[in-house]
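Undergrad: Just passing along the structure, written as structure tokens.
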Amino acid sequence: MSDYKAAKEAFVSDNPGSSIYTILAVSLVAWISYALYATLYPRIKPSFISDYLTSSLPLLLGVTLFATIPITYNIFLLTLSSVVYLLSPKSRRRQIGNTSKDQSKGSWLEESDSDEEIAEPTSTTTSAQNTPIKLPSQVALSSAHEYSASPSPSILSNSSNPTSPSNLSVDDPFTSVGVNKRRLSPQPSPDNITVNILPTPPTAESDSLPGSSTYPTKDRSRTRNVSTPSTIRLGKGDGEGQKKRRLPFLSVYRAHMMIMTVHCILAVDFQVFPRWLGKCEDFGTSLMDVGVGSFVFSLGLISLKSLNPEIPSSSINPPSSPGLTLRKDTAHTLPKDLLKALRKSLPTLILGFIRLVMVKGVEYPEHVTEYGVHWNFFFTIGLLPVFGVLVRPLRRRVSWRLLGIGISLVQQAILTRYGLQSYLLSPSREGIMGQNKEGLSSLPGYIAIYLLGLSIGENISKLEVSTPPTKGVTDSHVHEDEQSKRQYEKRRTELILQLFGHSVVYWGTLGGWSWVNGDGDARVSRRFANTPYVLFIASYNTLFLLGYLLLESTFPDIPTPALLESINRNGLVVFLVANLGTGLVNVCMDSMYAGRVVSMGVLGMYSLGVCGVAWAIRGRRIGI
């Protein structure tokens, strides 16, 4: 075992990496695979097999069999997507939007209100005569014209039972003029043929807009708008009259990043995986170096809410910064939030200790110069939210972007001007800190990447929340949806321009840095997470976020694949399962000596297994 361990460590060591151009070409497979799914969607029935074949398998083939010819492979996939789209009947293309909306409406009640809780399933009781039951939003749409034309609208028509539950109403004590009759939800009865539900005006108890209908969840202060599938109505606890919109491009981006990472962490142990895609030893760029930084950047994208907690509307920032709501009493809440961050990070840190014990216990091959003797990536990602809370008070004066760049520049100065880089490159490992010098010294760089992810997350958060219509507007629910759609399209265009600007700035700065330093000691290094590495990760991720957003604007009515949505919602679970699978494979076989066919067979079963777990827990969020 010791001989194989030494050979395996030598097998993954001294990797010089590849060019940035090659990395982008290999990564482009993920973007084109989503384009392939978008074109195939009208012709296939959503299932695990279809999602896997379009969203996961192309990525596995792209980093193994076709990694040496990425341009040819991308052209093949792009040609296939174009042919499918051109052969699809135009009438069928026009129906995609309506079909997608109808399917979303049918499944909307089963979706989660948020990432923290799962909505209860709806009742499926039927009447004695199997009378079709309409949702309140459907009834409101069908009765809008009758209500506007009738001088005295009635609650129930074609019913002979005056005590039917749908005839009942209660006085609304929150109206300021007169008495407003609030109707109870209609129940099916043999005599009830058609139900007319009048639009309920907004009250202090409910933030519903005219023409919309809501239903309660476990949290009584939170209601969901069932008539707009792409949004979630937020109650008083989440912001007055706001709706949170799902962002498919962000879900697909994060899921593809996770799938690529899952494939690479095992594929790197096989010879079918090109060596230049593995992690670089000291300096250089590679696909797996990108994966580590992208994981941290993605974590920053979704951590904005925990670092910018929502506060009452009377104390939020002015409308000029709708994506930012900082606490005014930051000094008083810092200890509490720090304890909360530690509590949330505890499971991840425990996983890091479990991995440490398992690796040392079975003499698992490890690359010491990657993080150190005891440190591993779980420790890094577990500590990032804690450091995010610690630097949050500085956010009141400077942006996340400036904080991240500032921390990175300070680290770079210490590396090059104060001899830290020479110490890190030396074989010296005295003491516990010396044994883990790579993991500890790279932590400021990953904090910088995390903060740059928060910066982009602020821009994306403005797209996520749609503002309510102007006060006094009493148009129909359809008009409200059109207004919300126009607002979303406007903010999406603004976000496209912002991502384009960030991408140009980051890539330009990285190019200038590389031109000035050349082959000096300030080259890109994942091992140190230095400034050029931080710029490289920010450039890469803003570019691909821009690409996914442009693809969403091209195919606006294509829903997120269920497999990718599940991976996005349960990323840490998927990552843990992938790590367990990687360890199991390496313990059971000598992967380094496996042939091409055996390697692809093992990788295929491993990929199917990890994606199968993600598919089995779809629709749920499993917290760790």
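Positions of Cβ are set from backbone N, Cα and C atoms, glycine also.
The annotation transmembrane segment is assigned in TrEMBL to 20-40, 60-87, 252-273, 374-391, 495-513, 533-551, 572-592, 598-617. Annotation comment: TrEMBL describes 95-242 as region 'Disordered'. As annotated by TrEMBL, compositional bias 'Acidic residues' applies to 110-119. Per TrEMBL, the feature compositional bias 'Polar residues' maps to 121-132, 190-216. Annotation comment: TrEMBL describes 148-169 as compositional bias 'Low complexity'.
So that I understand the layout, could you describe where these features sit and how close they are to other parts?
TA: Sequence-distant neighbours of the transmembrane segment (60-87) (same chain, 6+ residues past either end, Cβ-Cβ under 8 Å): 22, 25-26, 28-30, 32-33, 35-36, 38-40, 43, 260, 263-264, 267, 270, 272-274, 277, 287, 599-600, 603-604, 607.
Beyond the ends of the transmembrane segment (252-273), by six or more residues, the same chain brings 8, 12, 27, 30-31, 33-34, 55-56, 59-60, 63-65, 67, 279, 287-288, 291, 294-295, 298, 301-302, 544-545, 548, 560-561, 563-565, 567-568, 571, 574-575, 578-579, 581-582, 585-586, 591-592, 594, 596, 599-600, 602-603, 606-607, 610-611 to within a C-beta distance below 8 angstroms of the stretch.
Beyond the transmembrane segment (374-391), the same-chain residues lying 6 or more positions past its ends with a Cβ under 8 Å from any Cβ of the stretch are 292, 295-296, 299-300, 303, 306-307, 334, 337-338, 341-342, 344-346, 348-349, 351-352, 355-356, 359, 403, 407, 432, 435-436, 438-440, 442-443, 446-447, 450-451, 454.
Residues 20, 23-24, 27, 30-31, 34-35, 38, 249-250, 252-253, 285, 289-290, 293-294, 296-298, 404-405, 408, 445, 448-449, 452-453, 456, 492, 495-496, 499-500, 502-503, 506-507, 509-510, 513, 524-526 of the same chain, all 6+ positions outside the transmembrane segment (533-551), place their C-beta atoms under 8 angstroms from a C-beta of that stretch.
Sequence-distant contacts of the transmembrane segment (572-592) (same chain, at least 6 residues past either end, Cβ-Cβ under 8 Å): 4, 7-8, 11, 258, 261-262, 265-266, 269-271, 348, 351, 355, 358, 362, 364-365, 599, 602, 606, 609-610, 613-614, 617, 622, 624.
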